[in-house]
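Accompanying notes for the structure given below.
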């Protein structure tokens, strides 16, 4: 609804009232900014201006608002000198209706602004939404009466215009915030949309993807759909591309041996970029899904294609990893002629040039290998007595996908995907393998006899058994290497010197299932030996089992603080991954007071070397000697110099939050017999 007051300002500035009703809509559809308009070289007008209008919104449908209009009052409150945030708050408080007093400029000023290179603030915002400015000649009813009342003023304004030089109304409003803020939109997403991020499933997507779209609380409550691996739900897709019609999510499983059968085209207008479906091959991978010529592809697997060239989109399709393809499309109207070419109806008939290979070589087999940066094979050009010249597998990378798929050294390479390599030279064959992406289909021929293959397998198994026996041979304790998840006996030379470790464990300790090293002092004998690490589980010392369930913490500590004559033997178990627990502890620290902890630095944080008697941590008893503080007030301590850690502890006041790491070993020693 639009009502005109019938007032007209100087130089053709029209002042009118506009009432907007957003019933059934998400927002009023106006974007505001505080700025200024230069009336002349010496005067300027400041205030709140309309920076953008959302298509199909109440502000757009009323037809009487345009980019660059100045808001004088809102619901009767003067906003000429108000801040941008204050006006936003007023609009949010206004419920479903707002009354705006608008000051707009006549068309002559607008035309002059178009030719003025300094008017970028006005024109960029205008072009962003492709607004078509409507004239005031269509006013009816109350509008006509308003024009009659203001006729004298309008004539006076025209006379003044003829006698004065044309006014330069350059709109120089600048945004105060980094992102556009729609005045009545709650929980607006103002994050940086450049670059890429990873989804919860571990897939990399564009920040601007619908999978990264932010939903407010109400939208989250309504969205019952589970996110897929790219973060997609239809609610997020519809919000990200709310200006597009008939949005669809299309999923298809790709077959490496079958082409997609998709032809792409660009926009008819060379000033615009888009990726349209020009044609779909009925025999291709997309022939059975809901996609047809004229559809605009806006995303694929989290890669945004909207406003991108179709040639770039083609490269994106080729580089997409995985067997699953998820596309977001917008179905255009049948008479929409945005696509630059006519729909393609005929595709060349696909011929499988590899079929004859199986007729010529009945024992040939197909192997599919996922290429993750490399295939893991090396090839040579050689000659075989039975099949002649060709490309052969000369080497395999151990543990590669090719080895796991069954590729063997000596196999003859007959084809890569749809390309036959029977008559290829070395350069052609390696070029095919380098260009292949995703899942690579190879046709191979094993030329060795079954007896030779069995003999090779037997030799490999024998080699593995010998290696296993070699591992099982007892090692010399003085030089024994500590291997993960195995009990290893080592001998440590101490020569009456301190071992230099802090351990956790004891029946009156928080760790009751084993004795674990939590700190190694750099000047001790353990550090000099260089084999033991923090979180190593010590099962016995000098043949005496350390069963902490029957030993006090003091007794366990004494075992490691005793001065041994020459050497000490330890049975060590190194768990991989380490057996740990993490928890948070909150303490209160008064200004000028200490925390009551004696700390020693290590590579993952600070180990508690001692608790000062009478201080809060010792009384609270949540912490103990040997605990490792890995975070302090949210700051990770891993890798920080001890001076920095000390400064963090020293400078803290009030409530202090710490993340503590404590060993939690599996019970590996038996209780002593009574």
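In case you wondered, yes, glycine gets a Cβ from its N, Cα and C as well.
Keep in mind the model is a prediction, meaning the values are calculated, not measured.
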Where Swiss-Prot places phosphoserine when the choices are 40, 600: 600
Of the residue ranges 133-192, 193-252, the one that Swiss-Prot records as region 'Disordered': 133-192
Candidate annotated as phosphoserine in Swiss-Prot, where the set is 82, 598, 621: 598
Residues flagged as region 'Disordered' in Swiss-Prot, choosing from 386-409, 410-433, 434-457, 458-481: 458-481
Entry from the modified residues list 598, 600 having the most other CB atoms no farther than 10 A: 600
Number of helical, extended and coil residues in the domain 'PDZ 1' (17-106), per DSSP: 14 helix, 39 strand, 37 coil
For the domain 'PDZ 2' (249-332), the mean pLDDT of the predicted model: 85
